[in-house]
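Encoded as structure tokens, the structure appears first; notes follow it.
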Amino acid sequence: MPSRRWLPGRDLALDLGTASTLIHQQGRGVVLDEPSVVALAADSDEVLAAGRAAKEMLGRTPGSMRSVRPLRGGVIHDPDVAERMLRVFADTVGVSSVLRPRVVVCVPSTVSPLERRAVEDVALRVGARRVYVVEEPVVAAIGAGLPLTGSDASTVVDIGGGSTDAAILALGGVVASRSVRVGGESMDEAIAAHVEQHYSLLLGERSAEHIKIEAGSAFPLGQERRTRLRGRDLVTGLPRTVEIGSSEVRRALDAPVRAVVDLVRSLLDASPPELVGDVLSRGVVLTGGGALLRGLDARLEHELGVPTRVADDPLRAVVRGAGRCVDDFATLEPVLVDGRRF
């Protein structure tokens, strides 16, 4: 029976995100999609679980363990934990430590040199022989099927867990870009803060995310949606359940949604006059998990007057685009920044 493990040395694309980590393996597609969460033993910092199993423990861990997210705002916050998390993922899919692969790593467009180096360091320590860095809007556009090599401009907005990147691309490069460290995580935090302020209930991270998925929106819906939420009463300390509607959740999400709208407005204002026609005619494409927020495309189109649509399978647009770079290095290498080698 043929092995289901990766062939050693095959090149990889890595979307190391605040919310999730996705890995594409050359010729095989996406082989790993796990939450970027690690459960550690409180006394020894031993890794007890990583990915989906660790996320299930968020807010439920006893005193003997803690759950950690090693990325914040789209960049590595805890390099040691990020490295150990990636080692678990690499072991899961059988990455060879002998025949080291080339690795394409996605980063926000405004990443600092220090933040970029942290990503390169982690990839090299986990087993890469050579690291290529690529900006997320570029591979998001590739993953969404937008043309990059022609003179016509494409506009993409990638809304990840920790940051939102917006860019206008043409002739194989970035013409203008903007980034803000607001994303899906900020939306969850806004919901939790609203519930705490108005209901005196303390929500866990997973509960806030559930409300966003079930009743969240950025624009009025045709039909009101309602969902029940359960949290700890800050007065009595006891569990309590309340019901909340989509219009109220929309108000709770106003600040992070407004930040995304303002970011795109700033990008469009920076568009070269020669490309304004392309932006207006071809519109804006949304990628990333945040693109799944109901009505976000309608909100942007309503406020900015630019056609806006959500890419197919927006959650995987970045890793899909990075995977195309891995599968076709010869053609797409010009969009990559050659990083350090082992």
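Note that Cβ sites are derived from N, Cα and C of the backbone, with glycine treated the same way.
Just so you know, TrEMBL annotations never went through curation; they're auto-generated.
Lifted from TrEMBL, the feature list:
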- Gly161, Gly162, Ser163, Glu209, His210, Ile211, Lys212, Gly289, Gly290, Ala291, Leu292: ATP binding site (BINDING)
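Across the residues the record lists as binding ATP (Gly161, Gly162, Ser163, Glu209, His210, Ile211, Lys212, Gly289, Gly290, Ala291, Leu292), the two Cα atoms farthest apart are 20 Å from each other.
Highest Cβ count within 10 Å among the binding-site residues His210, Lys212: Lys212. Each of the binding-site residues Gly161, Gly290 was scored by the other Cβ atoms within 10 Å of its Cβ; the lowest score goes to Gly161. Under the three-state DSSP scheme, Ser163 (ATP binding site) falls in the coil class. Contacts of Ser163 (ATP binding site) defined by a Cβ separation under 8 A and a same-chain sequence distance of 6+ are given as Thr18, Gly73, Gly74, Val75, Pro108, Ser179, Val180, Arg181, Val182, Gly183, in order along the sequence.
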